[in-house]
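Features reported for this protein in TrEMBL:
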type: DOMAIN; residues: 81-377; note: domain 'SAM-dependent MTase RsmB/NOP-type'
type: BINDING; residues: 181, 182, 183, 184, 185, 186, 187, 204, 235, 253; note: S-adenosyl-L-methionine binding site
type: ACT_SITE; residues: 307; note: active site, nucleophile
């Protein structure tokens, strides 16, 4: 069966050509009906040991999100958190590789490009390049590629909704960009798929995640561009005072209470501990956002994002910083982004001028994502 062969592919020796040959072996099976594919996927999911939901965390979410999301919580509860068959990754292609065969294979497997593409000759020197991120209508997952020194990976698997913060940043050629909380590196890579910055400063305070970030960048960025990268292991709250006004754009993909990860906490005690920790996160998030605003130049843009649906970590953080930080204005999410992604995501407007909570439509992506754009005036 198509789905069985696809799920059994594990990494690909040391050669990208071997990967493509393995990938193409699944193509003849595509004549099976969509129903058969879906049924097989469901059977596979049922046959695997399923993670157990922490009832304490789910009860907390039910109380909090019923109030904050209203009717939208009903669908978000199942489609975003509880339905394993809706979990999938976007396939972000690496523009620094030869992608001809890979794109053909993805297309034949039923993947489509999330964002509209334009011809290279239509790009100006300063306009961003639309990243190529392929998604599937079903919860099909292609395997990750193994890290091999000296060879660049052709794609990166990520939550497709996490493209939105980078697209909102709108990085242009030659700009100096700071990714304040960069690990594991997906958003930094996405920046490089949209433009060639003059500097991309990737920072991560956690040592393990910092090492992970280094390996990610080595796996995707060609040696000829690595001089544009600066990778540091600093407390992001201090960078604003260390490098005031040094950047054109700053991304704050803040540490947050990732709803899905926390829901599948191993035991009740751990779930209760995490819920207590959750109350401390907004203070850290505010400090990181203030540091980002100090690090960006006057006229520069800061994008704040999380992957939680919690108001306390989203719009409340932005509102608190705006109340205490002078010389900052809010920017609404650009309408063309909403238009281009509206077939895949639901944009929940708690307060359009404070930020957008993006919730995936059923089976479309691996969300959610909150995004807010701010500009430093002086």
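Glycine too: its Cβ is placed from the backbone N, Cα and C atoms.
Note that TrEMBL annotation is computational and uncurated.
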Integer Cα-Cα distance in angstrom, residue 187 (S-adenosyl-L-methionine binding site) to the residue listed as 'active site, nucleophile': 13
Residue 185 (S-adenosyl-L-methionine binding site), number of other Cβ atoms within 10 Å: 25
Max CA-CA distance, Å, over listed S-adenosyl-L-methionine-binding residues 181, 182, 183, 184, 185, 186, 187, 204, 235, 253: 20
Spatial neighbours, same chain, of the residue listed as 'active site, nucleophile' - Cβ under 8 Å, 6+ residues apart: 159, 161, 162, 256, 258, 259, 367, 368, 369, 370
Overall pLDDT for the domain 'SAM-dependent MTase RsmB/NOP-type' (81-377), taken as the rounded mean: 90
